[in-house]
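Student: What follows is a structure written as structure tokens; I'll ask about it next.
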Amino acid sequence: MSCFPLAPLDSIRPMHPTSVGGVDDMIRLGDLNEAGILRNLMIRYKESIIYTYTGSILVAVNPYQLLPLYTAEQVRLYTNKRLGELPPHVFAIADSCYFNMRRHRRDQCCIISGESGAGKTESTKLILQFLAAASGQHSWIEQQILEANPILEAFGNAKTIRNDNSSRFGKYIDIYFNKNGTIEGARIEQYLLEKSRVCRQASEERNYHIFYCMLMGMNAEEKKILSLRTAAEYNFLTMGNCTSCEGRDDTKEYAHIRSAMKILMFSDNEKWEIMKLLAAVLHLGNLDFEGTETKMRELEDGLIHRSIATREGTVSTPLSLKQAMDSRDAFAKGIYGRMFVWIVDKINNAIYKPPSNNPRNIRRSIGLLDIFGFENFKTNSFEQLCINFANEQLQQFFVKHVFKLEQEEYARENIGWQHIDFSDNQRALDVLACKSLNIIALIEEESHFPKGTDGTLLNKMNQVHSKTNIYLPPKSSHDTQFGIRHFAGVVYYDAKGFLQKNQDTINSDIIKLVERSSNKFLKKIFQGDMETIPNITSNARVITANGSLKVGFFFLHRLLIANVQIFVRFYLPTEFKESFCLHLSPLKLYIIFDRDLCLRQLRYSGMMETIRIRKAGYPIRYTFEEFLDRYRVLLPSRVCFYFKKFFISLYSYFIGQEGDWKIGKTKIFLRDKALNEKAVLIQRVLRGYKHRKTFVKQRKAAVVLQSVWRAYKCRKLYRLGFARLQAQCRSRQLFHRYQKTRAMVVLLQARCRGYLLRQEKCKKLEAVHILQAYTRGMLARRAAAILRKEEAAMRNRIASSPSESMSDQEMVDNIFGFLPSMVGGQEGQAPLGFEDLEGSKSVLEEVDLDEIPIILAQEEEEYDDLEEYSFTKFAIMYFQGSATDTYIRKRLRHPLLYHEDEGDIVWLKRWEPAFDGNSISATLLLCHLPSNAYIQLQEPKPRSRDNEDVFTGEGPMLDKLMTPLEKLHFIVGNAIRRPNIRDEIYCQICKQLSDNGSRTSYIKGWILLSICLGIFPPSERFKKYLLNFIRNGPIGYSAYCVDRLRRTFSNGVRGEPPSWLELQATKTKKPIVVSVTLMDGHNLSVLLDSASTAEEICCYIAQKIGLKDIFGFSIYIALYDKVWSLGGGKEHLLDSISQCEQVVKGQGGKEQHAPWRLYFRKEVFSPWHNCSEDPISTDLIYKQIIRGLKFGEYYCDKVGCKLTCRSDGHEGSIPSYIMGPYCCFLSKTSYLQRRPNQNIVKGEVVDFARFKWPLLFSRFFEVTKFSGPSLARNQFIVAVNWSGISFLDEKEKKLLDLSYPEVVAINTSRADKTFGQTISMSTLRGEEFVLTSANAADISELVVMFLEGLKKRSEYAVALQESGKQVDSTFLNYKKGDLIVLLKDENFASDRGWIKGQNERTGQSGAVSYDAIFILPTLTRPSNEVLTLLSLTPEQRKNIVQNTQKDVVTSEPRVAPYSLKEFSYEHFRSNTKDNLNKALLNKGITKEKLWVSSREPIKQPLLKKLVGDLSLNMLAPILKYMGDYPTRQVRSPLELTDQIFEPAMQTEALRDEVYCQIMKQLTSNHNRYSLESGWQLMWLCCGLFPPSSVLLKPTQRFLESRRREPLANDCLQRIQMVLRMGPRKFPPHKVEVDGIQQTSTQIFHKVHFPNDTEEIFEVASSTRIRDLCQTIAMKLKLTSAEGFSLFLKTPDKVLSLNEGDFFFDSLRQITDWTKKLKKVKEAVHMNVPYTVYFMRKLWFNVAPGRDIQADTIFHYPQELPKYLRGYHRCTKEDAISLAGLILKVKFNNDKSIFPMIPKILKDLVPSDMIKLMSPEEWKKVSHIKYHSGKSADEAKLAFLKIIFRWPTFGCAFFEVKQTSEPNYPDIIMIAISKQGVTLIHPKTKDILATYLFNKIENWSSGGTYFHMTIDSFVKGNRILCETSLVRHLQVLFCTWTHSGCHQMTWLWFI
């Protein structure tokens, strides 16, 4: 205890109140003197308050004990708080650095200084911990930075007399942050490691920690390998007589060091090499030098000899004992020092990330300087001089920035300032390093002299510096100690060894020895030294310790100046920490505070002056411009030119007197108090206003509520009495009335029930009697019939021998016994509108089947060489594997033929031709059909081929069984759709027919073969082989099958599977008989086969009835109320019949009862139709017209009614079907008075109908406009008739009429396209319509036929050129465009190129050349409009058409679509092309319209703000997607959408550019296909991100003006949705792109559950995981969705999805991650199969029985695997009971499973408990505990109730490897639940430890490692785990601790 001298009594004054209890900030001290500062620190120190502010400088006093100040709660408390808002703390300084770095965007630097043992190293670690926690990402790089400290401390720290963990080196840590404030790397610089400590230590000091940790932590085997023993046996560890350190567990520290090395990517080999070198250093220390020989000759030579380079060569001289020991020590220090440098570099390689070249990615840093403290020991050497020199440099840096620069700035700005004196250590620095011949320079100089010694160095220092008061010379000439007066006091140094330590070199012999070493690691760390060996004889100066230190501090000084500095000062409370009474309890602990020591530290650190300058100074400073920019809102005007006067008035008014602020020449100076008080005032006023406003609002609401409530209570009280009285009276009346009514009702019910029962009994008895009678009769008749058949069969067998063909026919009859004998087209009721024809149906005539009038196919060439094409030969040549051509009974495993398409192989696995069943159904194996193969006419197409769980526009579908006909349809239908499998089907059938011993199977096979031959042909490769096989078939089928095959080859493959009629024909092997009804009511029997076409039937009917004019007649088929034409072409008739049968079946009926009908009708007239040429044709057409008038098909006017009345022979009477407003005219018509010929009248009726209803006699085709002039519809109907071509909408409204003279040309593209064949039609007006249709060839053929026929019959032509003046009258004079009437004249032969014509304009006639005219395709005179257009040039025609369209547009009230024209004026770049010069512009070339679609990619972005960035061009992929830009390589739509949207997803500024470019391409785009693709892009874009506020309104107007587009409304809704839900993070997923390409905006996705069930849910682009979880929970009727989550299962992993992410973003992330993992090129898009699961993730609030649905679907299936893997601690009794419950759940009441219990024991009992009993004993106890009285769900609930009692219920278990805790086994089990983290012994299941989540201060993960810090940042436990499921651990920690991790987690699938 020190004593201060007593002051005179007159100088004693009362203590200031601030000094009584102490203050947080010493600037606020009233007693501003040394005693007041010292007392303030002492009072706070004794109260365990170790931190105090001095302005922004933190002052700390080391408590030498662990205080509860460094927990995670403290980190959260000090985060985002202003400096001074909370009590002083090192976390406040760290937060201030972090906040200032992010706000001011300047690098920060925290300079920590103080004496050795003051606590600098621990504070550095605390600041690092805080910055990692403030970053809040729990990233692995943060943990790596933190784990660098244990390694550096182990290798660079040691125990000294002042500090148990003293840093013996200096370090500067630079921590780098990205723009989001997240740590992304760090870099460590080390300075001046004290290498001499490796060889010798002072008393009570230790060597570096790593040596003791290694010897204590290594296991016996490792120590044996390295020949290591205890620390007491090594000289290098016992020089300080101290091998242990109180409070340090070297064993545990070694485990932490190894864990840290793992985290920092040290390999096992590198760690072992380090340990080997450390052991080598220890063995070197034990090396003694004697006169005996040693085995290690090379090592001996290197240590006891030295090579000296001379001119003559190298001379080796022996060393003395002392020199040899010095050489040994130098070698040991060299190994350790270089190894330390390598370790620092290795750490930097792990934690340092080079800066990005992108200028946008700017990163900031916070530097931490932790350098060795000032040292003054009993014996101070060269190391202490370097350390104290470094501290002198830091002190000068502090003095300069705190005192010098600040006071100089006040003087420079003319601020009134009283100079403050301070202690300046510049003179000491001058003597040490700054002035010439300073001490450092003298040491450097003497080190390079060959004869320089420590004595000569000391003499030179005495000569140069003895006259200064800084240098204290030795007391005598024999004394080697000299003194330096440092800023912290005088320190005496011993000059012995100065030069040797400064040179820091190793003998060249030792370097050569290292070079010859076999240790690669040793050679690596000495690499630099080995490279300098050849230069040892040169004059190059060797870098010394002082030189490297000066260079390092030079760069450090530059770095500190560039950053914003924050100072932290640490002080020692006492000289030795052992003086503390640590044996006392913390409450009674008397803390020693050495006032003298503290006062000395305060004085030399300048704390008194610091407080004075901080108190009187102005820490806040702004330039005038900075202040104006920051506080412009306070100005009364926008600009103030007189800054100084304005600021003076402003501060005087707002802030107060000038004492709190000053104005200099260029800056404004303020104090914190000035702004803080006004800021508090503003906050107080605003908060008061806010709370008053809220209070007034609440008071008004309370008054209203009170008034309403009081009124309600009054009304209720008023009515209460009357209501009670009324209730009593009414209840009494109602009760009596009820009793009476009830009695009557009971009586009535009894009577009624009795009557009904009697009636029902009588009816039942009568029905039973009738049923018995009929049943007995039926049975008797059946018995009699059977007896008769048996007798007849017996007689036949006796009468004649059995025939093979008859037996086969009987077998066929048995097979097709289910088919009725019928004639097609007569089943059921007639279709709607054709009932009259059904009534007049005539009897079908008998047809001789031997004289079939079918138009057979032309005979094909006969194959004489078919014998060479045997099926056996084909099998040998083409069958795969070991497949043969003969019959087998086993199922085929693989196809017989090779198939390139995998889809064909998958389909072929679903069937095989096994004919051993009872019907044809045996040909299909239903057991191999997948769950989603729904059998119907067309299988539903999945939205995405990559995942069968995704469907578009379809809801749930159900499987259904297939009938025999359906099975046949399945085989034949797939053969029709898949041509590549036809040969496979034929080969499998032929294989099963070869050597088939089963007669039944053989017949069935030939039946199936004959059916297939009539549907689809084989390939050319297999054709001859199949013909050969058929010709060698049975007699009854050979010729029949050959004929069917030839017919199929002739008419082509069918489009539909076979119908019931075809199966009937197969029964008899004869043609099919169908009935065709004519319009006159007659029926014709027509014979068909499988290949019959409509053309053949029409020709047959025409031949049958004598019809000559067959053109335009077609076969119509009718079903119910539907009628459609089959035409007269190559359409297969039986395809339509099959479709009708399937429609009937789809409505619940049977195929054989399909009520279809066939009709023969007139469909279309030719333009040159003549009724007189064919009376039969006229009569049929007439009958058709009469029926149409009668049944409303045609509408009749006056003239039509007259014609029909006369033609029907009605005289004076009106037919009943002729009604209407024209009846009054009939009596006056001449048709009723005269009697013309009926044929003539019929012809007139037909002509009238032809002219009156041309559309009703048209051939209709559905088309889509691909390009061409604008129409009201893009999908419409083309009607072709005799008058021309019409475009109709769905309501038959005409969109366009074209006469045949207006059609210039028509072309058809035969190439198959995805959207159909294309037909191009050019008109006289210059228009060109490009239409797509499946019937494009039929349209072209019909129109071309009409055009050519009209030209042949036309009498009109137009002159194409002027004839000139013709003198000869034989030739006709005409001008261009004249109409010429063609005349028939035999003198002018057309084959000679001449024809006679008459000029309509002049009336002259003469010869005209064919080349000079254009014959018009018309039979009547063309209109004047057509003639006018023909006389114009094509350009003139286009101009007329465009002007006409403009007039139409202006006349219509339709609003023009909105474009970006107005928006472009302000926001688009200049619209003049770069390559256009003024000369071109003057010639009239227009400027580029940037808002209008173009087919060329633009070179620059549209938006002005993005001009110059050539990487932003997205128009090229947009054009490619829309089909407007040719591409050399086919790109998938997903690739193009990625190129379009991915840059915008990463950079927000590009999103408007994408919108603008898409809207540009949608403006004035007349290509329909391109337009549809563009709207798809707009739909996708609107669901990804919204436009900015500037572009939002133009985008909405753009969409609203195009409401007719199908996707416009969806786009508007999606924009609103994305504005509300937020933008997406990834481009669209493949499912979304595929869906919109199919024009489907609905997407359904399948979700699987743990109990092997699944459901389908609709998912939108804006659906988040959380929303989908809620939807699933509602559908499953769960109590709550809390704790549930979605998981994605891929082939090798399970991925947990974050609930805040969008669903499709999560799916898309899988693709990107997989591509990166497998290093797939950008151009390749992988399709990753996946399955979505919905499972419970967090087990809280889970109690069995609370939610039964959750228990059965989720809890039981998820907990059962954990139980069976043996994760829980389970008793034998519980295991027996649970085994019985599991058995009950698995097999329910199936007791036959009991004998199998020993085989399935692993599915019933935990894996670690199976051996507790024998299998038979488990079987016995499981049988006893079977729980037969419970259901399966009850057994599940009972199972959960048992394990619910266990503490590990609901835990997630992980088996991990740990290396951080030596007391735990290497493999432990981690269980995570709501209770926290539990560590479990994997074998005994004992709980090793349990940590609550609030006790886990920090955690992080990286690679396969997971790290936790528990209890405290300073001395907390650390656990490092290693597991492949580390990401699963991370996501569970994120979820349980609510830390907000928003990254997707990838987990290995267990």
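Numbers here mean position along the shown chain, with the first residue as 1.
Using N, Cα and C of the backbone, Cβ positions are placed for all residues, glycine too.
Automatic, uncurated: that is what TrEMBL annotation is.
Okay, these came from TrEMBL:
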DOMAIN    21-685  domain 'Myosin motor'
BINDING   GLY114, GLU115, SER116, GLY117, ALA118, GLY119, LYS120, THR121  ATP binding site
DOMAIN    847-1067  domain 'MyTH4'
DOMAIN    1352-1418  domain 'SH3'
DOMAIN    1493-1637  domain 'MyTH4'
DOMAIN    1643-1950  domain 'FERM'
Student: Do any residues at least six apart in sequence from GLY119 (ATP binding site), in the same chain, have a Cβ closer than 8 Å to its Cβ, and if so which, in order?
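Tutor: Sequence-distant Cβ neighbours: ALA60, ASN62, PHE570.
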Student: List the helix, strand and coil residue totals of the domain 'MyTH4' (1493-1637) as derived from DSSP.
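Tutor: Here the numbers are 93 helix, 1 strand, 51 coil.
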Student: Can you count the other CB atoms that lie within 10 A of the CB of SER116 (ATP binding site)?
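Tutor: There are 22 of them.
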Student: For the domain 'SH3' (1352-1418), DSSP counts of helix, strand and coil?
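Tutor: DSSP classes over the domain 'SH3' (1352-1418) add up to 8 helix, 24 strand, 35 coil.
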Student: Please compute the mean pLDDT of the model over the domain 'FERM' (1643-1950).
Tutor: 80
Student: For a quick check of packing: other C-beta atoms within 10 Å of the C-beta of GLY114 (ATP binding site), how many?
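Tutor: Cβ-Cβ neighbours of GLY114 (ATP binding site) within 10 Å number 24.
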